Every structure is written in C-alpha cells, then in structure tokens.
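Single-structure report; data block below.
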Amino acid sequence: MLKNDRLLRALRRQPVDRTPVWLMRQAGRYLPEYRATRARAGSFLGMAKNPDIACEVTLQPLERFPLDAAILFSDILTIPDAMGLELYFVEGEGPKFRHPVRDADAIHRLGVPDMETELRYVMDAVRLIRRELDGAVPLIGFSGSPWTLACYMIEGGGSKEYARIKAMAFNAPQLLHHLLSTVTDAVIAYLSAQRAAGAQALQVFDTWGGVLSPAMYREFSLPYLTRIAQELERGSGEERTPLVLFGKGNGAYVSELAASGAEAVGVDWTISLADAAERAGGRVALQGNLDPATLYGSPDAIRSEVGKTLDSYAYGNGGSREGHVFNLGHGMSPDMNPDHVGVLVEAVQTLSKR
C-alpha cells in the first residue's frame, strides 16, 4: 500500500492535495553522498550494475528532500550494452560503445536481450528498491527511446552532428527502421520486466528526438514511441501503470504524443506549459518543465520561477492544476547546489497546495 500516491494520481489526472514533484537526475553528482558512493564503487557502471549500490543511490535524494517519487538509478544505455555493444565511459566525454552498429550485418545480428539474465542486475535493483521504499513513494522505471538509443548505437557515443545516423536515415532508411523496430521490441520487453519487478510508473526518455526535422521525427521517432505506448502491457483501471513519454525539444509534437496512448507527456522548457496543456487538450497529464538552470538562481528567483511554472500549467488547463507533475525540463548538472533543490521542492509544495 502506497503511503504517498500523489504521483500516480496526478499521472491519472485525478485530484491531489498538491502538485507532486520529482526531478530528473535527482540521484546524481550534485549530491556529496552520491560522489562518496561513486568513489567507493570505482565507476558509474560499478554503481549501476550493483543492485545494492543502485538501491542506495536511488534512495539518497529521498533522504534529503520530501520528493513524491523515486526513480531507478541506472542508465538508458543498458539495453544496447546487453545487446553486445559493450558500454564504457570516458572521463569528460561520457558513454561510448566498443562495438557500434553501422552496417546491415551488425544490425541484423542484433536480438532482444533476455531481461532476467543479461539485465538481471536492473530487475534485482528494482525489486530491492521496492522493498526498501516500503510503500513510502512510488518507484519509476525507465528506458531510452528507440531513436535515442539508435543514435548512441550508430554514432558509438554522444554526438553534436548525428552524421552517421542521419546519413543512414537518408541513404538506408529501411535499415534504420529495422534497427528501430528491434530496439522498440527490446524497450517494450525491458519496461515490461521492470513493471513485473515492481516499477509503479514508467518513463521513456527521447533525449535526442529534438535533433530531427519535423518530417524525420514523424518517421523515425514518433511511430516507435506510439508503438511502445500501445503495445506495452500496463494493466487497467486503478492498477494501470502510467507511462510518461519525455522528449527534449518535443514541444511541437505534444498533440501527437497525447494521441499515442501514453498517460503523460514530459516536456522541456522550450515550450510553455500553458501552450503544452492547450495542445494536450486534457488527453494526458503533463510533466515538467522548469529550466534546470533556474537552480543557479537565488532562492527568491527559484520560488518565483516555480510559481510561474505552476501558473502556466493551470492557465493552459482551464484553471485547473490537476494532471501536472512538477519536474525540470531535463536533468540536473553536477555543479548545482543541493540547498537550491530543497528550495525548489519546498516551493512546489507550498505554492501548489489545493
């Protein structure tokens, strides 16, 4: 039995006593306790692949702040790693793959990993976190989107130009669709396994959807997000596990994402929540969308921006605050002040009371 079900109620667009709040990368390098755990574990992957440490890190922000959800500590690149691409991290450069997929042979060899063998460490972490939370708040599981995962899988790491994957989109679109279809199968299986292990809400991160032109987004990202929303078994009624589709730079597509079958759409700060709510038309809950850079501001500036964000949603939603989950428009950065995060959380709680 959940002691705090605000998040789930808001995602179902049901009344809540105040707007729920959680933050992308709420467990991260801005916390000194996270940095201490990382030093002990030796590396990011040393934390993510150890269920006990993943559980410890997941719970750290909840011990500091009265957040309304925990989100699994993991990485979006666990799926391609389990497919054999071999994930590693370079200090200052981020994630890389030793075996990127760039031709038909490599792409056709890919299969959906077994979730309770190759990715058992993730499922064990979900089970352990649920046990440790003991119903305090819901646990969010997540995956990268097919397009975003394909970007890393083809580029071999992060990219500024996305030259290789865009070249494939123009020169061999059917090959790219084959890859995206395989990755979509894997994402559905991965989220389904997290749900079975105990995740109570699910989020798909389409981090790089915003690098696409509208026509390319509608060909190479949106159909696969829609497939996830429609094919991922989530139960029904009050037992249904809500699905959030989050995208960076997805403001132009809120109406289409709202028609996907997902319960909620997460947006960044490049669209106002008023505009997003009007486009959503009451079909889904919305999550977002404070610019993370607001946390560099003074406490008064943070409170002011939190108030504007809450009011913007209500303005676009016919005066109602229901159906809104407060979050940042993207993840926090390592140099952010934990005290300012506390100011943000307190401001949401105070200013959104019904």
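Cβ from N, Cα, C; glycine included.
Within PHE44, PHE170, the residue that Swiss-Prot lists together with ARG25, GLN26, ALA27, GLY28, ARG29, ASP75, TYR152, THR207, HIS330 for binding substrate is PHE44. Largest CA to CA distance in the substrate binding set (ARG25, GLN26, ALA27, GLY28, ARG29, PHE44, ASP75, TYR152, THR207, HIS330): 23 Å, whole number.
Figure note: comparing Cβ neighbours within 10 Å for the binding-site residues ARG25, ALA27, ARG29, ASP75, THR207, the maximum is reached by ALA27.
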